[in-house]
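Only one structure is covered here, and it is reproduced in the block below.
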Amino acid sequence: MLQPSAQGSYSKAVLSTFRSLEDLTCDGSKIILDGQSLNVSSVVAAACHQVPASISKDPQLHARLRESVELLARKLAEGEIVYGVNTGFGGSADTRTDDYSTLQQALVQHQASGVLLPTDRSSSRPSSRYPHGLRSHSMPTAVVKAAMLVRCNSLLRGHSAVRPEVIEHILAFLRSGLIPVVPVRGSISASGDLSPLSYIANALEGNPDIAIQNEATGDVIRADEALQQLGLAPLRFGPKEGLGLLNGTAFSAGAASLVLFEANQLVLLSQVLTAMGTEALAGSTGNYHPFIAGVRPHRGQIEAAGNIFHFLRDSRMATSPGADGASHSSSLAQDRYALRTASQWIGPQIEDMSLASEQVHCELNSTTDNPLLDPGSGHMHHGGNFQATSITSAMEKTMSAMQMLGRMIFSQCTELINPALNNGLPPNLSFDDPSLSFTMKGIDINMSAYMAELSYLNHHVSNHVQSAEMHNQGLNSLALVASRYAAETVEVLSLMASAYLYALCQALDLRACHLEFLRNARSTVDSLTAELCLSFSPLLSESDQRQIQDSTWEQLLHHWNRSSTSDLHDRSRNAASHTMGALVELLPMQLNEATALPTRLAPQQQWLDEVSATLAGSYDATRAKFQSNPTTPFYLCSASRRMYEFVRKGLGVPLHRGIVDHPTYPSVTEEHAGQELIGSQVSKIYMALRGGVFRDVLQDCWYSSDSVRGFAGEELVLASKL
């Protein structure tokens with residue numbers, strides 16, 4: 001028999017990055033750069049958590065740096081033509097000069113041509129004279145920091161003839177939180193990210209027109225003032241150092257690393273959300289059975305199915321194939337596609353994101369300059385390692401994965417909110433009567449807006465390449481543009497995931513309350529049905545009576561679910577009335593034919609009245625008790641329970657009780673004071689997701705479910721790359 005495969009390398013690798021980041025952010029941790037071992041976790045640690053970086057003391061590394069500088073000096077002494085050192089740049093490389101230092105200044109001068117707003121270059125607030133609200137034109141600080149780290153690591157490989165002190169200057173800025181203000185647009189990532197990197201090079205020169213932001217205080221000073229604060233002298237570049245600083249993919253690779261870290265988190269979260277959705281909709285665990293994935297053995301599908309199947313193994317809400325109540329003649333024989341094909345949908349995204357992770361890791365530890373110096377052979381090579389197409393490829397896969405996961409979440413969420421599809425849950429997931437409460441209707445609309453925007457963003461940037469720079473750069477990767485738009489897809493999918501998680505917690509509460517209601521009401525309804533049976537046939541056998549009770553309850557539950565759009569009193573009456581007809585057909589008519597019609601109808605009317613009252617009273621009592629003592633965790637699988645309790649307890653996002661939770665609703669009790677908007681509650685989830693707070697609970701979901709069996713002690717190649 002095929003066994004569940006929850007040992008997927010992708011999940012392990014992503015979880016490994018979480019642990020790696022935790023280790024790096026411990027007090028006293030430091031990133032050691034050696035040109036060989038930089039990973040995404042280290043980039044995130046430096047860019048987002050102020051973890052300092054320094055150069056390895058490995059003597060071989062320092063020897064490589066020295067030898068590359070010496071090799072270039074020999075080539076120039078021998079009169080060799082070296083692009084960008086004694087020639088012009090790009091389509092102007094037909095010029096020659098021996099004024100090497102001035103040529104490097106000319107390079108950083110002409111590339112610093114991007115647009116920044118006055119407010120980007122100062123500590124002041126945006127001016128009101130721009131009525132349309134100009135948003136910042138500067139690169140996010142975290143991206144600039146990531147680029148600084150990545151460029152240092154690449155230069156340490158010793159193929160660019162850049163002195164160690166140049167690299168140390170960059171790291172001094174980075175460690176002190178003095179970050180150049182860099183335009184967000186202007187790079188085509190062809191000969192690397194020339195324009196944005198030129199702002200870092202200009203900062204090292206002490207250019208007074210370069211703005212430097214103090215990350216700790218928000219103050220903005222000039223680059224020459226920043227050098228004075230650091231106790232550093234302005235640099236005068238060696239023959240190839242300006243080119244070595246600019247001619248690389250650091251901004252693309254740095255931005256891609258930050259995007260990838262969050263995107264991978266969302267891929268894991270989508271699997272937990274699918275498990276929660278399966279429970280909320282009373283779906284089938286059979287959707288994710290290992291046999292299904294095993295006979296179509298795509299690696300990603302096997303991993304996704306294995307994870308979700310393991311998550312659900314201890315659920316009391318999801319149904320199992322062949323279990324009592326798993327299906328009814330009146331319900332769909334199988335779940336709709338949003339759940340049933342989730343593993344087939346997530347699987348290819350896992351495969352794409354695995355490859356994207358490998359591509360970005362490789363780029364972080366690559367030499368992306370031109371020309372390249374090989375001290376070992378004494379040769380120099382003119383080529384195109386600055387073309388960042390691998391990053392473009394990784395980011396376009398990421399954009400596609402985010403859109404595909406968004407489409408799945410959108411389908412699951414809209415099914416959850418729609419009473420025609422959600423298997424008996426109230427419309428709009430309202431906790432109170434639906435005539436005056438429309439809880440998730442706004443989120444339903446929000447999700448449509450998010451989905452439309454996410455789909456718009458998912459267009460291959462590489463389709464829009466334009467020839468540049470005298471047609472010398474006829475091909476250019478647009479990798480930084482791709483990274484920027486991939487970041488947008490991560491943002492929008494994070495909004496969708498947050499809204500969906502809010503709706504899921506509400507739905508799980510409603511489902512649990514429903515199960516409590518069924519448990520409380522069943523015995524009374526069975527007693528009333530038994531009394532009705534005996535009034536028609538005093539000699540009815542116990543087994544026949546039980547059969548009638550079971551059939552009646554099933555019919556009653558069916559009509560209860562179908563009338564979820566009605567307020568409680570009407571819903572109870574409708575369910576009982578529609579069930580009455582089926583019950584009459586089941587009753588053994590053994591009364592004397594001479595018995596008067598009113599006499600025969602009286603027991604039926606009594607049953608109808610009492611069952612209606614029982615349903616309404618039981619549901620109302622259950623609902624009231626549930627508010628103060630929710631039993632939802634009891635029914636959930638381990639993974640769902642941890643995510644649910646994280647939202648409810650960790651983030652303080654409560655069950656939405658309906659109109660009484662509106663902040664301005666008239667209330668006579670203090671318990672209703674301080675209520676928040678639905679959007680404010682979703683915002684708590686969103687900020688926690690974007691702030692990295694979800695990493696711990698995601699790890700708990702995997703470890704608590706034992707979904708990644710054999711994880712401890714097993715090192716994966718992919719994990720080290722992430």
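The backbone N, Cα and C atoms fix where each Cβ goes, glycine too.
What Swiss-Prot says about this protein:
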ACT_SITE  TYR83  active site, proton donor/acceptor
REGION    117-136  region 'Disordered'
MOD_RES   SER191  2,3-didehydroalanine (Ser)
BINDING   ASN247, GLN334, ARG340, ASN370, LYS441, GLU469, ASN472  (E)-cinnamate binding site
Span of ASN247, GLN334, ARG340, ASN370, LYS441, GLU469, ASN472 around (E)-cinnamate - largest C-alpha separation, Å:
58
Between the Cα atoms of GLN334 ((E)-cinnamate binding site) and the residue listed as '2,3-didehydroalanine (Ser)', what distance do you get, rounded to the nearest Å?
54
Within 10 Å of each Cβ, count the other Cβ atoms and name the one among the binding-site residues ASN247, GLN334 with the highest count.
ASN247
Counting Cβ neighbours within 10 Å across all chains shown, tell me which of the binding-site residues ARG340, LYS441 comes out on top.
ARG340
If you count the C-beta atoms lying within 10 Å of each candidate's C-beta, which of the recorded positions SER191, ASN370 ends up with the smallest number?
ASN370
Can you give me the Cα-Cα distance between ASN247 ((E)-cinnamate binding site) and the residue listed as '2,3-didehydroalanine (Ser)' in Å, rounded to a whole number?
6
What is the interatomic distance between the Cα atoms of GLU469 ((E)-cinnamate binding site) and SER191 (2,3-didehydroalanine (Ser)), given in whole Å?
11
Find the shortest Cα-Cα separation between TYR83 (active site, proton donor/acceptor) and the recorded positions SER191, ASN370, LYS441, ASN472, and name the residue that gives it.
ASN370
Name, in the order they occur in the sequence, the residues of the same chain whose CB lies under 8 A from the CB of ASN472 ((E)-cinnamate binding site) and which sit 6 or more residues away.
GLY90, GLY91, ALA93
Where does ARG340 ((E)-cinnamate binding site) sit by DSSP, helix, strand or coil?
helix
Cα-to-Cα gap, ARG340 ((E)-cinnamate binding site) vs SER191 (2,3-didehydroalanine (Ser)), nearest whole Å:
46
